[in-house]
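First the structure, in the form of structure tokens, and then the observations on it.
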Amino acid sequence: MTRLLHIQCSPRLRRSASLEIARSFIQRYQQQVPDTQVSTLDLWSLELPELDQTAMDAKYARLGGQPLNAGEQSAWDRLQELAAPLHQADLLVLSVPLWNFSIPYKLKHFIDLVSHQGILFSFDPEHGLQGLLREKTAVVSYARGLDFSAQSNTPAQAFDFQKPYIEAWLNFIGIADQHSLVVEKTILGPDIDQASRQATARQAHGLAEQLAARRP
Ligand SMILES: Cc1cc2nc3c(=O)[nH]c(=O)nc-3n(C[C@H](O)[C@H](O)[C@H](O)COP(=O)(O)O)c2cc1C
């Protein structure tokens, strides 16, 4: 069985390109691996707590080896609870829009809530930093409104703070096996948008078949 977790990061449920591509991947993967168990984390319907003073005190008390008081423990438990689905999944699928050349604030909020020592990574002087989500695969569906090719006005090398950031974060938390699906030009007119979605959906189908085929 594959436990697939889809982390939805676009609030645009009806026309989201990142969601459409992620769904194309998931549907084809499910066809290939029928006992796939899919769960969804919609960051826009989830109540994300503030990373407030109490949560900070909990984090730094733990780093300093100090006991947590009841309020700090409860704040820390909530962060662990938010991260639990990531630990439980074998295959993470993220659908990520590009907002202002980076990621939507809800996703950054989620990342800040769950990326802590003892939750998604460990540290000790002998081994240094180690991500705790090893042995997992991530598929990320990135959607962008403009053209990010090298000859465009917004070449990825200078303007893309979405994909490099997500790749670095996934690596940091231990996921080296990453695959990306990029849908661009979604705001350059309906024809261009449609062609772009269709081309990336075909790639999503191919990737789903490839990942399904390599299962033991
Ligand atoms: C708040 C906001 C900021 C955006 N900023 C950019 C941007 O910097 N560059 C770009 O190419 N597209 C930008 N767009 C367009 C989106 O990347 C595009 O509509 C994409 O399809 C969004 O993904 P989604 O369809 O999955 O929601 C922005 C859209 C929104 C709503």
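Numbering starts at 1 and runs along the chain as it is shown here.
For all residues, glycine too, the Cβ spot is worked out from N, Cα and C.
So that you can see what the record holds, here are the features copied from TrEMBL:
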type	residues	note
DOMAIN	3-204	domain 'Flavodoxin-like fold'
BINDING	Ser10, Ser16, Ala17, Ser18	FMN binding site
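Neighbour density around each Cβ, counted as other Cβ atoms within 10 Å, peaks among the binding-site residues Ser16, Ser18 at Ser18.
Reduced to three states, the DSSP call for Ser10 (FMN binding site) is coil. Looking at the domain 'Flavodoxin-like fold' (3-204) alone, the prediction's average pLDDT is 98. Summary of the FMN site environment: with the site residues Ser10, Ser16, Ala17, Ser18 set aside, the chain residues having Cβ atoms within 8 Å of the Cβ mean position are Arg12, Arg15, Leu19, Glu20, Ile21, Ala22, Ser95, Pro97, Ser141, Ala143, Val183.
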